[in-house]
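Chemist: So TrEMBL says this about it:
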- SER49, MET50, ARG51, THR52, TRP77, ARG112, HIS148, PRO149, CYS150, GLN151, CYS292, LEU293, ARG320: carbamoyl phosphate binding site (BINDING)
- GLU144, LYS250, LEU293: N(2)-acetyl-L-ornithine binding site (BINDING)
- 4-161: domain 'Aspartate/ornithine carbamoyltransferase carbamoyl-P binding' (DOMAIN)
- 184-330: domain 'Aspartate/ornithine carbamoyltransferase Asp/Orn-binding' (DOMAIN)
- LYS300: N6-carboxylysine (MOD_RES)
Amino acid sequence: MTVRHFLSTQDYSRAEIDALLAQAAEFKRSPQGQQLAGKSIALMFFNPSMRTRTSFELGAFQLGGHAIVLSPGKDAWPIEFEMGTVMDGDTEEHIAEVARVLSRYVDIIAVRAFPKFVDWQVDRQDKVLESFAKFATVPVINLETITHPCQELAHALALQEHLGDLQNKKYVLTWTYHPKPLNTAVANSALMIATKMGMDVTLLCPTPEYILDERYMDFAKQNAKDNGGSLQVSHDIESAYRGADVIYAKSWGAIPYFGRWDEEKAIREANKHFIVDEAKMALTNHGLFSHCLPLRRNIKATDAVMDSPACIAIDEAENRLHVQKAVMASLISQSSGGKSGLGF
Ligand code: CP
């Protein structure tokens, strides 16, 4: 039987995303269940986490399952993901063995592994996650790599809760300053889910160098076409904010400088005025503001915006719990011989 994973929302149809969101809303109304009774999930964290770890552990517990947290290089052996490619300093074992052994113990493997800069520069592929999916014989969930699909679902659910139907709502993904941008995962994901939900999406960024990688821009263009929305790029703060229903903020590095932050620093610092503040939010259509968190206050968004009723970042963070329960229940249902796994 083919194993279905949750690696990217691009692997899921709009109808399947809608089904996951509906099940998540149901879990929000009625949190306890037995969908994971007797089942277990291994959560592999190559990078730090608060929300993802807490919500997955709790979600598994609430559905009668058990979660085991592993941090390679800390409380598990350092892992090599391709022959000769060191993931965590002194490599001890290959993902081939890790994924196969874990598949004998647990029912789902979930992985957080931000791409190393070298991976990005070589071919921009998501090698750690792909390797787990290749060698595991159980479903694999992406806990944030070069995309963050669980965050996408939580974001979409929060937007639906506040706006209802998202079709052709005006959505702005704005770049914001950060002294040390980490990766483009959530920015890539925001474009993909907003276009998948049929929204009219603007990518607002300081210069063309900050337009996201063409792989994700292409996904977003196709999603917009398939779902009756649109995608445009703007470098004009005022026109992008005007009339917006949603402002979503994220920092990321200029693509040509990825990993060479010192060379890019002057461009980034010249654009600190992209901070989300009350004056910009006043241009919107009583717009909502959100962010995946963690967020540096008064660097990406002001205290006034974060503490305003427009800010739904906490709702979005809460929804991580509900949507991930839907994802786990779906994958377990499917691997247990259930329906599509989305019929619940
Ligand atoms: N948004 C998010 O994934 O948060 P953590 O890094 O705390 O898991």
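Here the Cβ of each residue, glycine as well, is placed from N, Cα and C on the backbone.
These figures come from a predicted structure and were not determined experimentally.
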Chemist: Measure the Cβ-based neighbour count of ARG320 (carbamoyl phosphate binding site), defined as the other Cβ atoms within 10 Å of its Cβ.
Modeler: 26
Chemist: If you count Cβ atoms within 10 Å of the Cβ of CYS292 (carbamoyl phosphate binding site), leaving out that atom itself, what do you get?
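Modeler: Summing over all protein chains shown, CYS292 (carbamoyl phosphate binding site) has 24 other Cβ atoms within 10 Å.
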Chemist: Scan TRP77, LYS250, LYS300, ARG320 for recorded positions whose C-beta lands under 6 Å from an atom of ligand 1 and note them, or write none.
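Modeler: With ligand 1 as the reference and 6 Å as the Cβ limit, the list is empty: none.
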Chemist: Compare all C-alpha positions of SER49, MET50, ARG51, THR52, TRP77, ARG112, HIS148, PRO149, CYS150, GLN151, CYS292, LEU293, ARG320, the record's carbamoyl phosphate binders, and send over the largest distance in angstrom.
Modeler: 30
Chemist: Given the recorded positions LYS250, LEU293, LYS300, which lie within 10 A of CYS150 (carbamoyl phosphate binding site) by CA-CA distance?
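Modeler: If one measures from the Cα of CYS150 (carbamoyl phosphate binding site), no recorded positions come within 10 Å, so the answer is none.
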Chemist: Specify the secondary structure state of LYS250 (N(2)-acetyl-L-ornithine binding site) as given by DSSP, simplified to three classes.
Modeler: strand
Chemist: So how many of the residues in the domain 'Aspartate/ornithine carbamoyltransferase Asp/Orn-binding' (184-330) end up helix, strand or coil by DSSP?
Modeler: 75 helix, 22 strand, 50 coil
Chemist: State which of the following recorded positions has the fewest other Cβ atoms within 10 Å around its Cβ: ARG51, HIS148, LYS250, LYS300.
Modeler: ARG51
Chemist: Measuring CB to CB from LEU293 (N(2)-acetyl-L-ornithine binding site), give everything in the same chain under 8 Å that is also at least six residues away in sequence.
Modeler: ARG51, ALA313, GLU316, ALA317
Chemist: For the residue listed as 'N6-carboxylysine', which of the binding-site residues TRP77, CYS292, ARG320 has the nearest Cα in space?
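Modeler: For the residue listed as 'N6-carboxylysine', the closest Cα among TRP77, CYS292, ARG320 is found at CYS292.
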